[in-house]
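Colleague: My questions will all concern the structure given below.
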């Protein structure tokens, strides 16, 4: 990787654009992830790159950042054709990138993490000073000596941003930066980005949150199926018109005219507490929740605040210390394993589709057996499997939930994210569980599949089941939930009716307003 | 022009079957080159190695005698490896099975009944399973790597056997040779026909059939595959990884122990300091060559047994070292693992590209 950045040409006069990606095509096998994409960014501009999951946003950005090479097309930097061989070359040009998934070492301090990314020998003391200076200048408060493990996701993102800023970028690429932030943290981020833009730094802002883009960005390029479908000024568009461009059709509206008269309590958490699993796990503290027949209750929260721990506790992948702490269908289940809980008419859909909800190398029919081997529908009798039955159930589910697949019974890993999610959701809904717990139901799923899944969840509740949704997507939560609780640092707020909550009030709770005083501090000390 | 590996969307059935055949082909080609470099006629040498062992009744019987323990152990190991449990110590479990099973004829010298043989086989299986229980316990309790513990236990087992046959279990009438009393009657496996083939090969075939049904038809087999493929999904499915570790190690250890007592009650007829030419290790290759599938293991066991017999033949006819057979086995494993890459990836030839492409991905 010693290939240096090469600058050819050099005859261009003063360039109008900072970066031009011209007629970029990128093929992966037969699939065109980008086809004839052109994107132009001027200095000081905040430019949105919009598109659904799988529209080709990441591919384009990776090409700009040098992590991928285009099959066809060229990049121009200040009007001159450049060859960005690798991310190091991109950084040398002045392109910085903040990824959606941070690459930080939790056991190291802020300054140490930043030092790791910088070339050459570094004096930590001097670097710490520089970090403090840059972070206060741009309104990104950071303590250089703090351990990353102790920081919130928003703070971790600041490290990544400061790491970029230290290299004085002229183009900053932000990949879905607000996906993990509270509304307040997002506001703070927007101020920083506006400040950067006013100093002449261009920002390429990748998102599918239209209201953010409308508010922040000066220009936008919209991708669909790898092609540019429009270059528009988002401030002159409505959210609906942008969504139409992104999705290609009007987004299917969720039908949620509900008769809200919840019935008996079907899922009850009574003072559920659990120690943290490992140094970076989250402890659950005195969680109380009651989900009744016929309602959808959503748990909002920023990623990493105990959602997966709560899911594991309810599903029985991790057992509680007392039977009473979890009550499903009027049975105290805290000490039952997941199979017993399933048999007690409950269904679970975890956040991670591949490797948790489904085995990647198994066919769909085998993945049916994965969660339904102990049901009463005869998939296994006295230890022997009935694979023909699994194939029949798979046919039914893939038909009912519109799972698109290349052959009758493909491996799970061959499906796209949206189709696999429809499968793992459908697999549980098909059992008609009285209690359904689902973590991030539409994470990384295209709009069409997301609408189908949300509708199916509402329909399940309407049929008299209790549905608990854990999600980070507030739009989704407001769309489907009857009541909303917020989890932060392993503590769950009271569940309020959705109509009584606003984005702002939820944001405050996500930032920990409902936490019992001093509790998280003692937690840290004991962890 | 250059070659790249491109990930397939799912695994290729075709390559799953082709990979071992391709590996055998490459091994044969490599073998021919090695023989040619040694100044031997490569075709003749390959004939001695791979064809001659199956040209006479006598050598076919020898192949079956050697294939029996390889198939028994390999079938057990294939299930272990399916579960991502890496039992490398089958050789030690074989040794302990041989020692345990020999308790019956050594301490109850005059007991002669069909039950004697049954008791020996059961004790052999228990001995192997008990020895495999050590790495299982260490893995579940302390998260100790079973590759290391099971492998190190091989040497402990061999030293225990060595001590037994030189010390307490030495035949008093054996002219001080380090060996136990010779077994006789129902202390030996019955032979088939008139030759040297004993019912060990039948045991191996029965084991293959049972394990094949276990893996393809039962919930237990499904559980093993899930745990091996994705432990997180296994937990979600309600399966216990610890129980699977126990099950797989006890099963493969028991089968290795059965192979061990089969060797003692079969070809050798008594305990000796060394009772196996490395069957427990060769069975690892058998398991992989057989695609970790019991039926495949059957054919792979025959194949590897042929290289043992061919190696002995080559020693006599060509005057090459008997270690050559082990070289072949090693090369074979190397090529299988390499060819297995093609199951999930396809090779693509690219036209001239810029060197920057190397930095991609």
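Glycine is treated like the rest: Cβ placed from N, Cα and C.
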Colleague: Select from B:197-215, B:216-234 the stretch of residues annotated by TrEMBL as transmembrane segment.
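Modeller: Range annotated as transmembrane segment by TrEMBL: B:197-215.
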Colleague: Counting a contact as 3 or more Cβ pairs under 8 Å, with residues at least 6 apart in sequence, do the transmembrane segment (B:245-265) and the transmembrane segment (B:297-321) touch?
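Modeller: Contact absent: fewer than 3 Cβ pairs fall under 8 Å.
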Colleague: Counting Cβ pairs closer than 8 Å, which of B:21-43, B:117-138, B:271-290 has the most of them with the transmembrane segment (B:297-321)?
Modeller: B:271-290
Colleague: Counting Cβ pairs closer than 8 Å, which of B:63-82, B:94-111, B:147-165, B:271-290, B:327-345 has the most of them with the transmembrane segment (B:21-43)?
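Modeller: Against the transmembrane segment (B:21-43), the leading stretch is B:327-345.
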Colleague: Hey, which of B:63-82, B:117-138, B:147-165, B:271-290, B:327-345 has the most Cβ-Cβ pairs under 8 Å against the transmembrane segment (B:197-215)?
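Modeller: Maximum Cβ contact count belongs to B:63-82.
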Colleague: Are there 3 or more C-beta pairs under 8 Å linking the transmembrane segment (B:63-82) with the transmembrane segment (B:271-290), counting only pairs at least 6 apart in sequence?
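Modeller: They do touch: at least three Cβ pairs between the two stretches lie under 8 Å.
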Colleague: Tally Cβ pairs under 8 Å between the transmembrane segment (B:94-111) and each listed stretch (B:63-82, B:117-138, B:147-165), then give the stretch with the top tally.
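Modeller: Counting Cβ pairs under 8 Å, the winner is B:117-138.
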